[in-house]
Ligand code: HEC
Ligand code: HEC
Ligand code: HEC
């Protein structure tokens with residue numbers, strides 16, 4: 001049955017009984033009995049296939065993490081928008097995608113919805129910013145899009161509120177400029193299974209590239225903040241956080257992890273003696289990955305194993321450091337001043353949980369054999385100390401308080417304290433080649449290094465615009481001279497939207 005848009009009798013009622021929905025026919029029967037003639041109408045407009053479609057859509061929307069961005073933090077109404085995503089260009093606020101006609105996407109047809117999710121163009125024709133990961137969703141199949149649409153329209157409760165409007169500084173406020181950006185960087189070819197690869201590899205590729213959008217975080221970006229596909233999954237900066245290289249490379253990537261470790265990390269965000277998920281990865285695990293079924297998690301791992309290795313660090317991130325207590329080494333390495341303040345902060349602030357020798361215990365991770373301290377940059381170490389860790393999986397929450405701006409006044413550490421404690425941790429438990437300065441910490445507090453494009457804006461607006469236009473033209477010409485994007489071999493009809 002074709003989906004009808006905004007069935008008034010059905011949507012609100014259905015959303016009152018989210019759990020009934022999942023039990024398909026029985027739920028409809030109950031609703032029918034309860035609601036008499038209204039129930040008959042309800043049952044007619046929602047045959048069992050629809051309930052299956054909605055259940056499928058719920059799972060896919062979770063895999064694609066729609067709610068994470070479209071729900072305001074700290075108890076916002078699900079899908080009602082209002083999450084301000086910190087982009088280097090300013091805050092981009094997610095919109096209300098509940099089926100409210102006045103405030104949400106209640107008036108979107110399935111085709112309108114497909115255009116927004118895959119092409120990044122709202123119903124009124126305005127261009128979305130790629131903070132909405134339509135560059136990944138562009139690969140989503142028609143069938144999956146239909147299921148997500150059915151779920152949002154028929155199970156999610158309409159929310160009658162409009163989040164604040166996104167107001168980026170000029171020139172980024174000109175949304176039409178995204179049309180040029182899309183022309184250059186948006187690949188609208190839907191996902192095509194590779195027949196030479198096994199089914200689970202293809203499922204993993206689809207999940208990673210189209211739904212779970214791993215690459216939007218783990219792939220570095222170019223000058224125009226588009227993903228650098230040549231470096232796919234090679235590690236990307238996310239402001240204060242860093243999404244590491246997760247290619248199959250044995251030392252720089254995840255090649256040295258076992259399948260079970262990778263699955264445990266994706267499902268729980270924690271692998272003892274290796275890594276924990278904090279920051280944006282904690283959100284991905286909490287909102288999305290922990291809910292994936294076994295087969296899908298396995299498929300993701302099969303896919304990661306098959307990625308093109310990208311070299312980098314020459315020793316695995318999880319292979320640094322050992323248990324050690326400070327006093328003996330406090331005298332410092334030859335030629336170096338002792339880091340007394342680092343030890344003072346460590347013993348006063350960190351050792352209560354991570355132990356004085358850094359080894360942790362059953363509740364708290366060790367700081368050696370820990371990818372946050374053995375990585376090629378100290379971003380995740382600094383960000384963890386500033387912002388802490390909070391990740392709920394099932395009914396368990398891993399919690400470390402932050403010591404930055406969000407902490408109680410008395411718990412706050414200065415930039416110098418955080419630099420000193422980081423250097424102490426790196427020297428004893430992590431990658432001793434790294435040195436953190438108070439300026440690095442100050443930058444992380446402000447959300448990390450700004451890309452060039454963002455730095456240009458406030459200073460030389462007209463110049464920046466000119467430079468951007470010239471560069472865009474230049475790249476456009478370059479692409480023209482190389483010929484249009486090559487069609488995938490054996491591709492059937494290219495785009496269905
Ligand atoms: C990483 C964050 C993020 C994720 C994940 C995300 N969105 Fe969005 N979405 C946004 C932001 C931000 C906007 C507003 C962009 C703008 O104003 O340019 C948006 C806009 C939209 C719009 C346009 C709405 C309108 O008001 O016209 C739709 C539809 C939408 N998202 C649907 C989805 C669906 C469906 C999913 C899951 C498959 C999803 N989004 C996942 C961040 C996200
Ligand atoms: C919203 C951004 C984001 C998304 C989406 C995301 N990641 Fe991550 N990922 C990160 C960050 C940031 C870290 C570092 C977390 C930390 O160390 O606390 C990370 C860490 C990891 C690690 C551990 C690496 C290490 O050496 O510690 C693995 C494995 C991983 N991600 C896999 C994935 C996969 C697979 C996907 C898609 C299914 C994915 N991630 C999606 C941001 C993201
Ligand atoms: C109240 C207990 C507590 C205190 C105090 C504490 N931590 Fe943690 N720390 C944790 C927990 C819990 C985790 C996350 C465990 C998990 O994810 O499973 C964590 C994780 C970490 C990680 C790994 C983060 C990542 O992204 O992988 C680092 C590094 C770290 N802590 C360093 C520190 C430093 C340095 C201090 C002192 C400034 C400190 N911690 C203070 C409890 C604490």
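Each residue, glycine too, has its Cβ placed from N, Cα and C.
Note that TrEMBL annotation is computational and uncurated.
If you look up TrEMBL, you'll see 1-43 marked as signal peptide.
Restricting the average to the domain 'Cytochrome c' (52-156) gives a pLDDT of 94. Marked as domain 'Cytochrome c' by TrEMBL: 52-156 (among others).
Residue 69 (heme c 1 binding site) falls within a helical segment according to DSSP. If you take the C-beta of residue 69 (heme c 1 binding site) and look for same-chain residues 6 or more apart in sequence within under 8 angstroms, you find 83, 85, 94, 131, 132. Residues or ranges marked as heme c 1 binding site by TrEMBL: 66, 69, 70.
Summarising the annotation, TrEMBL assigns domain 'Cytochrome c' to 199-308 (among others).
Secondary structure at residue 218 (heme c 2 binding site), as computed by DSSP, is helix. Its Cβ placed at the centre, residue 218 (heme c 2 binding site) has 24 other Cβ atoms within 10 Å. Taken from TrEMBL, the feature heme c 2 binding site covers 214, 217, 218.
According to TrEMBL, the domain 'Cytochrome c' annotation covers 337-429 (among others).
In the three-state DSSP scheme, residue 350 (heme c 3 binding site) is classed as helix. Residues or ranges marked as heme c 3 binding site by TrEMBL: 350, 353, 354.
According to TrEMBL, the transmembrane segment annotation covers 459-478.
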Cα separation, residue 66 (heme c 1 binding site) to residue 350 (heme c 3 binding site) (Å, whole number): 35
Site with most surrounding Cβ atoms, counting all protein chains shown within 10 Å, from the binding-site residues 214, 350, 353: 214
Pairwise CA distance, residue 217 (heme c 2 binding site) versus residue 70 (heme c 1 binding site), rounded so that it is a whole Å: 18
Residue 66 (heme c 1 binding site), number of other Cβ atoms within 10 Å: 26
Residues among the binding-site residues 214, 217, 218, 350, 353 that border ligand 3 - Cβ under 6 angstroms, in sequence order: 350, 353
Any further residue of that chain within 8 Å (Cβ to the Cβ centroid of 350, 353, 354) of the recorded heme c 3 site: 346, 349, 351, 352, 355, 358, 360, 364, 367, 400
Alpha-carbon spacing, residue 66 (heme c 1 binding site) to residue 214 (heme c 2 binding site), which is rounded to whole Å: 14
Of the binding-site residues listed as 214, 353, 354, the one whose CA lies nearest the CA of residue 70 (heme c 1 binding site): 214
